[in-house]
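Notes follow once the structure below has been shown.
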Amino acid sequence: MEKGARHRNNTAKNQQGGRPDSSPEAEAGSGGGGVALKKEIGLVSACGIIVGNIIGSGIFVSPKGVLENAGSVGLAIIVWIVTGVITAVGALCYAELGVTIPKSGGDYSYVKDIFGGLAGFLRLWIAVLVIYPTNQAVIALTFSNYVLQPLFPTCFPPESGLRLLAAICLLLLTWVNCSSVRWATRVQDIFTAGKLLALALIIIMGVVQICKGEFFWLEPKNAFENFQEPDIGLIALAFLQGSFAYGGWNFLNYVTEELVDPYKNLPRAIFISIPLVTFVYVFANVAYVTAMSPQELLASNAVAVVRNHSGSQTQDTDIDLLSGSQAIPAREGHLPSVLAMIHVKRCTPIPALLFTCISTLLMLVTSDMYTLINYVGFINYLFYGVTVAGQIVLRWKKPDIPRPIKISLLFPIIYLLFWAFLLIFSLWSEPVVCGIGLAIMLTGVPVYFLGVYWQHKPKCFNDVIEAITLVSQKMCVVVYPQVEGDSGAEEAIDDMEEEQQKPIFQPTPVKDQDSEEQP
């Protein structure tokens, strides 16, 4: 459901449990002893992965939120540019962390290693309960708005219709993901192509409009004409709305092990890709205001449904849906083990998909995409800042550990100053929305101490958890992924009960693959 889901899923499978995979690609590069991922991703491919992870439905929904809170066209464009710069700064900080702490798991691993198990668990907890489902709910609601808006040209579509269509979309795509990885991949490829085509058409139309002299709202005297009183809190919310469209930059680290010469190509890929995305986003917003006035843009949730001068409509549809399987991490005992299991024949993470679908459906209690974006944006930035602060802490605690990529401390300081501004004024402007996110995060504290930190649980507790896990396995026909030689689905089913004689928060131990004979 998220941008770049297919690449991240493949990477997650390759890196599960922090161990190299046993795929032919990995084995081919291993020689005679041990296994290692082949370094096949060059600079061009790395740039493609970064751009593909970032560009998604956000650019089709966030422009209204940015403009509404910025208060003028000129300030909105500045917000898009500054957000791109801050994204590049954050990506560079993550690049240093990624090669300093070479583990899978991204910011979850960095926060856990630097600040301890509780901080890492809260990062994972909030990702599972807030970030993943909210992102997916926004994407589904974006799809619903683009489908229904042409049917209601003079008003907003009914909320019940938006929620119903979004729920149907989620259920359908969950079924696709559960049924076949290949189907999910094909659906994602089709919608990704449609999304990029729509974005290209929007920018081309904008250029045509400018060539015709239609740039009234780009002239400085008109661009900075405020249609509401400037407010520092609203500007912070504008940055939150813009940051949603740039979401995905924190997944750059997942390609490090597969990069050719990562210490040179990772920073280069960041310097090329994020400015490219910023350029595309800025020109898309320029195109929007050449085709409609700010008032017209704010009057529709489907900003790419534009009106031409004859009054007819042209619809550039973006259908960026949940079409990639997203297995929720359950390694290291921080989540129920059943969420790490896959179907014995289809190899799809059915329990994780069902959990994500249910939690996303709960987010559809509201059809206000912009409230959801503020909600998830606040929580995202909270942990982005904690992770970047960890970079400074690591420099202080362990100054002598190898850092193949070492950036100036000025970068994390700039990021943290912006982070503090964003969080303080966002909380001030939207105390209820941001407060709910903080409250959900804090519910993870007792869960951590009861489920993870408390090692000697009563036998009755473990028995209940084992029974629930076993029933879930039988209902979904799932087992732990085979890390070593696959003994077949039938044997996996036979071993199901034996595998489940473990506490829910204890990962399944696996043998050291380095000692195994290569196939």
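Backbone N, Cα and C atoms are what each Cβ position is placed from, and that goes for glycine too.
Values in this document were obtained by computation on a predicted structure and should not be read as measured data.
Here is what TrEMBL says about this protein:
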- 1-31: region 'Disordered' (REGION)
- 1-10: compositional bias 'Basic residues' (COMPBIAS)
- 41-61: transmembrane segment (TRANSMEM)
- 73-94: transmembrane segment (TRANSMEM)
- 114-132: transmembrane segment (TRANSMEM)
- 164-184: transmembrane segment (TRANSMEM)
- 190-211: transmembrane segment (TRANSMEM)
- 232-249: transmembrane segment (TRANSMEM)
- 269-291: transmembrane segment (TRANSMEM)
- 372-396: transmembrane segment (TRANSMEM)
- 408-429: transmembrane segment (TRANSMEM)
- 435-454: transmembrane segment (TRANSMEM)
- 490-519: region 'Disordered' (REGION)
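Segment contact holds for the transmembrane segment (190-211) and the transmembrane segment (41-61), given three or more CB pairs below 8 angstroms at sequence separation of 6 or more. When Cβ-Cβ distances below 8 Å are used as the criterion, the transmembrane segment (232-249) is approached by residues 2-4, 50, 53-54, 56, 58-59, 61-62, 65-71, 75-76, 79-80, 82-84, 86-87, 90-91, 94, 135, 138, 274, 277, 281, 370, 373-374, 376-378, 380-381, 421-422, 424-426, 428-430 of the same chain, each at least six residues removed from its ends. The recorded stretches the transmembrane segment (372-396) and the transmembrane segment (269-291) do not share 3+ CB pairs below 8 A when only pairs 6 or more apart in sequence are counted, and are therefore not in contact. Counting only same-chain residues 6+ beyond the ends of the transmembrane segment (269-291), those with a CB under 8 A from a CB of the stretch are 43, 46-47, 50-51, 54-55, 59, 63, 66, 73, 76-77, 80-81, 83-85, 87-88, 91-92, 95, 199, 202-203, 205-207, 209-210, 214-215, 217-218, 245-246, 249, 252, 297, 303-304, 306-308.
Long-range contacts of the transmembrane segment (73-94) within the same chain: residues 63, 66-67, 106-107, 217-218, 220, 222-225, 230, 235, 238-239, 242-243, 246, 249-250, 252-253, 267, 270-271, 274-275, 277-278, 281-282, 285-286, 289, 294, 384, 387-388, 391, 407, 411-412, 414-415, 418, each at least 6 residues beyond the stretch ends and with a Cβ under 8 Å from a Cβ of the stretch.
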